[in-house]
């Protein structure tokens, strides 16, 4: 709880033992404003969410065993031969019917004389619960709980656990109670035996014995002691629930001579108050024959699993008691799925109105073969009439033919006539879908749209609520999907479809034109200006710029015309012009170099990984301006001292560390990437953002938002990763976290305390203050991201850094993003091939394998790979070499093109500079410790002014300075610049012998300063004025034809032969040399301040009192590079 009495979402989810997503969903249902897991809400709102979540968990609480209420027959559902329970569908209560204690009916001889005793009979259709007191029905022998003697109707459970299809008819009044009949003599006393419903085909058997397959028999009402209940703990919901039949049990009254059951009168439609037991995902629809192993009373297979129920029960109206109007008793049983491939067309009969069927996807269990007789022939299930229904295939969500499509309410289903042909003139349900598909020229091979068949589907959706309602809606929609039609029926399509096909042939070209016009019209109508545009190669044509700005090219040409530039649509514009035009339209411009490097271009998780994903540690990149305390913050997290050992106290590499912390009582790992903050290391920061899952933006509380802070924000946005702001140095004087929040809000980063969604944590790295809170926020943010990877595949990842070690050879820092990297794996990193010889982590501990989100240093590459390239492990070296060869040729062509572009100089400009003597070149050979440093130095050299001095880098590579480098420098007159590297044996001696200048640096600041000084040294020096002093004319003396000015030196000094300017008022009357300087009739070289002297010039004699003489001299000065 916060100090203001509010509660965070993640604290509320922790109290309730739920995920943050569930609490956020509940808040959204209650219209409570909560943007993320760390949002704050009031205690009242928290109480509403708690009550809603507790109400949503009530059905789960009701599933626990409780003492049954008087008059309720609580039944347990358990598969025979299994010790575990599975939830079962509650059965509708019999309205106002009281029945005596029933016992399993004694088996009688089957009526069919053709059936031998040894052959197991196929289970028949389940009997519905009867309203008569003399006949009770249950799909299978239930296991009975305790029940009081009083017989009361069982109350209906809440519709949340068993949504039913409601029918808009008046409610049926309760039926009159039927007097209870006396129980047979064999029944036990009422007080000693619990009451249960007896199925007519149940036979007394031991409780633990597997059920035997029953024979068709005449129902006989007897009572017997119920079987002993197994020791397994039942799970019941609400009302009496029959054990889920492994196949449809024998139907009562199905034979031709069976008596019609007594039905209590009711005004409601038949079957409106009944439901049928729920089937699992692999169960057949009611009325369909049963496969072996699923028939009622059939011995279960050894090791059978507990029955699983998929989804929620679906009411099938009229399925409870077919004798009441769903189908006349004694009639032939209709086929469960209509005309199936193995069923005669005449076997199907219409379904009663309001009947709803459900198709469910198989839940991954293998199909069960059809039942077989001992001689190997398939068993024909015995029905309840003279006709029998052959076994059919198990229905799935996508049946093989339209004959298995779900029926419409009222019994009509297209194509259900004899032979599977649809009625002539009857419009098909998916004609509109076909017309749309033909218009869009999309192939009909794909699965068609899901159509919900039924008139009262809204009532089904209305009853489906709560947290589990969304899942049930999805299952229901899939179950009612109409399947695609076979090719034979598509050929015999009605006339409208044929007309559309003819039109399609005639209008192909017109349709293409129409679609092009629609796209153009939509683009013109949209006219939405982008937030920013990214210029790929520092130039764009007018048409390309117009497309990016979503304006007409004529608008761009008009804008340029008013600026004095005559342009055409194909003319290329340089970067300043693009920025000027884009700013006129209110769109900022970004260069593509860095933003493209920060975008995540390769998806590391492939489709085959989806079944094997596990949670992986998050990768956190620490970014920010230089000297804002990024490495110190990581030191506080790791409890190490890295920053103290860095040259100049600044980070110049990407450091990869893995930290293990305690969170919610369990160890959690975080992989940190520490990026440099200096402006030269832009590419390094972009690479760090490309592989990260969350970015930590470090901002100093005493310095605020700086240029590299803005750059880091743009990197994180380009990579589309969440940002957590750490406001560091809050312990310093002058620290103002609120000022930092204000500056960040100007960059659209609004703190949660101010109503935004960005987590901002004030920390102190030096005093380790609020470090735990920062780590907790990082874990909470990454939990929402749901980071996963597949560790059971070959590794893939990114090269974070690479360098050449003189002892180990090429070394690369690899971040494994998916899979597991092992010693001996063949790795291809861009155009570089390697075989992992050894791996070490950030603590220099050797590893044999590295899982997802691990950063390791790997040895064994053939050359130094390029930082930022993706690497991938291949099963053998042959396949890896083939991939690397193609990449190497592409990289070579790209490198040559870049070199030619960098050396492209205008011949006229070069000859003009050569004639003027202004063409200066500084040749460099650059060697650094790692690839990232080489990139940073080259990028910084590109920023230096090149108007008068050209910098040519003849060679740039990671590694030590060799004797070959010295020979190249001697031949080209180059300077060797080393950065954090050493010289090989013999290189120093060769450099001294050839007079090659070798410079070594360990801080990038000093390196760039010296190179700029060397470039300025190539420039010609310039003459500048240096002030000497001033004097005032107080008297004028005429000597011959010339005149001498008697002066008093006010400031500085006067020197003989210096330059002077004579000021008279605001006008300069003379500028020239001072030829004569005397004091007391003696020639002197200079006169200091406070002395009088005589000043004479050969070319000026018009002195006047009050003139001011300014003395200066011209000196040579080293030129500076101008931008």
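All residue numbers here begin at 1 and follow the chain in the order shown.
Cβ atoms are placed via backbone N, Cα and C, with glycine included.
Given the structure is predicted, the values throughout are model-derived calculations rather than measurements.
Per Swiss-Prot, region 'Disordered' is recorded for 52-452 (among others).
Feature annotation from Swiss-Prot assigns compositional bias 'Low complexity' to 94-113 (among others).
The compositional bias 'Low complexity' annotation in Swiss-Prot covers 121-133 (among others).
The compositional bias 'Pro residues' annotation in Swiss-Prot covers 170-187 (among others).
Residues or ranges marked as compositional bias 'Pro residues' in Swiss-Prot: 207-217 (among others).
As annotated by Swiss-Prot, compositional bias 'Pro residues' applies to 258-268 (among others).
The compositional bias 'Low complexity' feature in Swiss-Prot is assigned to 285-304 (among others).
Taken from Swiss-Prot, the feature compositional bias 'Gly residues' covers 320-339 (among others).
Look at Swiss-Prot and you will find 388-403 (among others) tagged as compositional bias 'Pro residues'.
Residues or ranges marked as compositional bias 'Gly residues' by Swiss-Prot: 412-422 (among others).
Sequence annotations record features per position, and here Swiss-Prot assigns compositional bias 'Basic and acidic residues' to 425-439.
The region 'Disordered' annotation in Swiss-Prot covers 480-512 (among others).
Positions annotated as compositional bias 'Low complexity' by Swiss-Prot: 486-499 (among others).
Look at Swiss-Prot and you will find 500-512 tagged as compositional bias 'Basic residues'.
According to Swiss-Prot, the domain 'tr-type G' annotation covers 615-787.
Confidence annotation: the region 'G1' (624-631) carries a mean pLDDT of 76 in the model. Annotation comment: Swiss-Prot describes 624-631 as region 'G1'.
Away from its own ends, the region 'G4' (728-731) comes close to residues 628-629, 632-633, 698-703, 737, 762-767, 769 of its chain (Cβ-Cβ under 8 Å, at least six residues beyond either end). Under DSSP, the residues of the region 'G1' (624-631) split into helix, strand and coil as follows: 2 helix, 1 strand, 5 coil. Taking H, G and I as helix, E and B as strand and the rest as coil, DSSP gives the region 'G4' (728-731) the counts 0 helix, 1 strand, 3 coil.
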